[in-house]
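In what follows, a single structure is set out as structure tokens and then discussed.
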Amino acid sequence: MAASPRTVLISGCSSGIGLELAVQLAHDPRQCYQVVATMRDLGKKEALEASAGSALGKTLTVAQLDVCNDDSVAQCLSHIPGGDVDVLVNNAGVGLVGPLEGLSITTMQNVFDTNFFGAIRLVKAVLPSMKKRRRGHIVVVSSVMGLQGVMFNDVYAASKFALEGFFESLAIQLLQFNIFVSLVEPGPVITEFEGKLLAQISTSEFPGADPDTLAFFRDLYLPASAELFRSVGQSPQDVAKVIVKVIGATRPPLRRQTNARYAPLTVLRAVDPSGGLYVRMAHRLLFRWPGLLSLGLRCLAGGCFPKRVWPG
Ligand SMILES: NC(=O)c1ccc[n+]([C@@H]2O[C@H](COP(=O)([O-])OP(=O)(O)OC[C@H]3O[C@@H](n4cnc5c(N)ncnc54)[C@H](OP(=O)(O)O)[C@@H]3O)[C@@H](O)[C@H]2O)c1
């Protein structure tokens, strides 16, 4: 007898990685998954529904879920029979870049409320049923910025570091309940994420930031970031493929990076536990040798490292 499909709840499916993942799982040829693709604003469901095609209403349903709202989470789970989620994918997230002095505490708190507490809110809601059934898988779309700080992304990186520490700790307890935790760590991904950030920057004057810091942000960081996205940016389809493999694994990994071309930038941290090598190297590349950084990125884009996606 064929096993019954696993119920997969994904947050943030109005665009990007969440949308692609929902569609790929819903079109799984073995029909292993019943996907509940959620978004905070159902007014944005058109793109998902168009991509879902024949899976809509069969292996994929769309539901409202704002990860910052307890009532919305409870309401969404109340529509899932028994509230039984087999795989939870914490994907919803927002970015924040800019000089710290020019960002309000409220703006920073919103990043943590979405990226960190949003994931915890969902985990708290699905855990009792997973623990009772002694099975489950919690997937978190983290980032390479959950492993490595990046200039002017201080608060966003902190929210992803927080996720990494939280879920690594939780993973130990949950193994006893046969529940797995996986942190997926993409590098740059070409989604609406970057566009939303650029829109936020274009309307912000960063009051309180001094002229030198503002100049570093606008003249050094922004061009380097754009070049990074252009050279090693992955498609959301490629990232979703990696997550599909993680969800399908018999023993899912705790951590999985998605982009082999980004690996040279994370390797420094791995080879130097003191962290000083990474900080000095990043500082030199940005402030002293921007030409070398640009050349290195062009080399990566040109295929010095052949594979974009792990596993292929
Ligand atoms: N793009 C990258 O370079 C990159 C790299 C590494 C990791 N990531 C991570 O990947 C995840 C997905 O991002 P993406 O690149 O696919 O960007 P995206 O296209 O902007 O998708 C983000 C999704 O999160 C949703 N969202 C934001 N706040 C929410 C809330 N309170 N409740 C529910 N949903 C909410 C957005 O909904 P709305 O449409 O309503 O805003 C959108 O559906 C994020 O966690 C991000 O941190 C992205």
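Here the Cβ of each residue, glycine as well, is placed from N, Cα and C on the backbone.
TrEMBL lists 12-40, Asp66, Lys160 with the feature NADP(+) binding site. Annotated substrate binding site per TrEMBL: Ser143, in sequence order. According to TrEMBL, the feature active site, proton acceptor maps to Tyr156.
Known features from TrEMBL, placed on the structure.
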| residue | record | Cβ contacts under 8 Å, 6 or more apart |
| --- | --- | --- |
| Gly12 | NADP(+) binding site | Gly18, Thr38, Met39, Arg40, Val67, Asn91, Ala92, Gly93 |
| Gly16 | NADP(+) binding site | Val189, Thr191, Glu192, Phe193, Pro236 |
| Glu20 | NADP(+) binding site | Ser51, Pro236, Gln237, Val239, Ala240 |
| Gln24 | NADP(+) binding site | Gln237, Ala240, Lys241, Val244 |
| Asp28 | NADP(+) binding site | Thr59, Val244 |
| Cys32 | NADP(+) binding site | Ala3, Pro5, Arg6, Gly248 |
| Val36 | NADP(+) binding site | Thr7, Val8, Leu9, Ile10, Thr61, Ala63, Cys76, Ile80, Val85 |
| Ser143 | substrate binding site | Tyr156, Ala157, Lys160, Glu185, Pro186, Gly187 |
Practice item. Using a Cβ cut-off of under 6 Å to any atom of ligand 1, determine which of the binding-site residues Gly16, Glu20, Gln24, Cys32, Ser143 qualify. Key: Gly16, Ser143
Practice item. Check the recorded positions Arg40, Tyr156 for other C-beta atoms within 10 angstroms of each C-beta and report the one with the most. Key: Tyr156
Study note, to complete from the structure: Simplified to three states, DSSP reports Val36 (NADP(+) binding site) as strand
Check your understanding: Once the DSSP letters are reduced so that anything not helix or strand counts as coil, what is Glu20 (NADP(+) binding site)?
Key -> helix
